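Positions annotated as domain 'Major facilitator superfamily (MFS) profile' by TrEMBL: 27-469. Per TrEMBL, transmembrane segment is recorded for 75-100, 107-127, 133-155, 167-186, 198-219, 349-374, 380-403, 415-439, 445-465.
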Amino acid sequence: MGKDSGELKEYQPLLKDFKEPSLLLAVWAAGIGGTFQCGYNTSIINAPTKAVQSFINQTWTERYNTEISSQVLTLLWSTIVSIFTLGGLVGASVGGTLAIRFGRKGTLLFNNTFALLAAFFMGLSYPSSTFELLIVGRFLTGVNAGIAICVQPMYIGEIAPRALRGAMAMGTSIFITGGILTGQVIGLNELLGKEEYWPILLSTVCIPAIMQLLTLPWFPESPRYLLIDRGDDVACKKALMWFHGPDKYHGEKEDIERERVSAGGIKPKKPWELFTDTSLRWQLLTLVVIHMSQQLNGINAIYFYADYVFTQAGIPAAKIPYATVGTGACECITALTCGLLIESLGRRALIIGGYFLMSVCCVCFTIALTFQVYPWVPYLSMMCVFAFILSFGLGPGGVTNILTTELFTQTSRPAAYMIGGSINWIAFFFIGMIFPFIVNGLKQYCFLVFLVVCCLVATYIFFVVPETKNKTFLEIQSEFQSRKNLVLHLGCVHTNEYG
């Protein structure tokens, strides 16, 4: 008792100034070098397209004394763009393992190494006349993004108090959309979008990494990791006091203690062990469904069509980049809105409502693309673009990562993020490969495919996924176990009646 009192006195002056603000600052420090990089590197590559292609052509001519063919140029440029997704898959595949070995905070700090190396290689590509360094740099940015999407939600979800877990975990989505918007703005001609600035533009990925390296070390490691994985009770208590204050940390400590007892000394599971654990069957199926649908729901198709829609609406070509910035701002605003609503409306209402609204938008967009002969239709298409993005950001875009945190306990969570992240990146790569064929084959009816996906996912969540708001991780696990027992019971009744 005396030791506890001494620790309270030691941290009292510090904790007086850092209660809720410390949580917000921790989210910012984790996010700026985390999922912000994912969004930033997704959008930053669009602005220098022509400049980089011109550089490749010039380098090829100097190196081989002949101009590059259009097919080879397209292949090289596609490789530079798409290698990011393969890097993301690699990062997601190792992120959970790194989070177990080095801790959540330690992995986020180590992850900045990939961003700094990427900035170095991409910045060096122009003076060294080596376009291959762009491929290396983009792969490294993908690894950085894959690890960040895997580890940052774990860190934020584990430091958050139960009552604020949803709102704080929205930091993942907010920083992704904020990164997309920042990349779009930085890529404008008025800033770094001019042709001669492209090496500097691509090298700016080092700035968020440096900012995180300067800020995140001041914050503690995840209390759950410290107690359950490391067995360090003292460090866990200090971290909880830092984040929640000396008068509020006891309830969180009790929750973590109960989870540690429930784990019973079980080591963190490997991804393949989740597939063989029948007690996690429904959680794992839900994980696969929500992560796969996040890429297959049509959001990337909407961004693909945005330029076409804006052109049809009569927006001058020079102004289209600014309209595109509007789409990024739209998604960023909805992520913030979702963060404000998630603790009042709950996870289920937002994600089911989001998919329902996206379904309606798919129908409207199909109608708009079918009847382009009318002068007002392009403006209906514009409304559909913004409405679809709003619906995605309000529901699936924000809630998916929160559910991944909440559906699993400490021993299963790193492996769950590795599986979910891998599925997300594979689906991202898959939709990028097949979407042009879907468009060519179905034309304006391609959005009916996404309509089916959105409807099926909303139906699945409605019948299978419980509300997780303000519940402990053990309570959520217990609800899934109850549903599993109910299914087994109904199956037995069915067998007895008809067997």
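Placement of Cβ uses the backbone N, Cα and C atoms for every residue, glycine included.
Residues of the same chain lying 6 or more positions beyond the ends of the transmembrane segment (167-186) and with a Cβ under 8 Å from any Cβ of it are 23, 27-28, 30-32, 34-44, 46-47, 149, 152-153, 156-157, 159-160, 192-193, 201, 204, 208, 321, 324-325, 328-329, 331-332, 334-336, 338-340, 342-343, 393, 397-398, 401-402, 405. Simply put, out of 107-127, 133-155, 445-465, 107-127 has the most Cβ pairs sitting under 8 Å from the transmembrane segment (198-219). Of the Cβ pairs linking the transmembrane segment (133-155) with the transmembrane segment (415-439) and spaced 6 or more residues apart, 3 or more are under 8 Å, so the two regions touch. Within the chain carrying the transmembrane segment (349-374), a Cβ under 8 angstroms from the stretch's Cβ atoms is held by residues 290, 293, 297-298, 302, 305, 312, 338, 341-342, 380-381, 383-385, 387-388, 390-392, 394-400, 403, 443-445, 447-448, 450-451, 454-455, 457-458, 461-462, all 6 or more beyond its ends.
Panel annotation: around the transmembrane segment (415-439), residues 82, 85-86, 88-89, 91-97, 99, 146, 149-151, 153-154, 268-271, 273-274, 283-284, 287-288, 290-292, 294-296, 300-301, 304, 404, 407-408, 446, 449 of the same chain, lying at least six beyond its termini, place a Cβ under 8 Å from a Cβ of the stretch. Within the chain, the transmembrane segment (75-100) has long-range Cβ neighbours (under 8 A, six or more residues past its boundaries) at 38, 41-42, 45, 49, 52-53, 56, 68, 107, 110-111, 114, 131, 134-135, 138-151, 154, 225, 229, 268, 271, 414-418, 420-422, 424-426, 428-429, 432.
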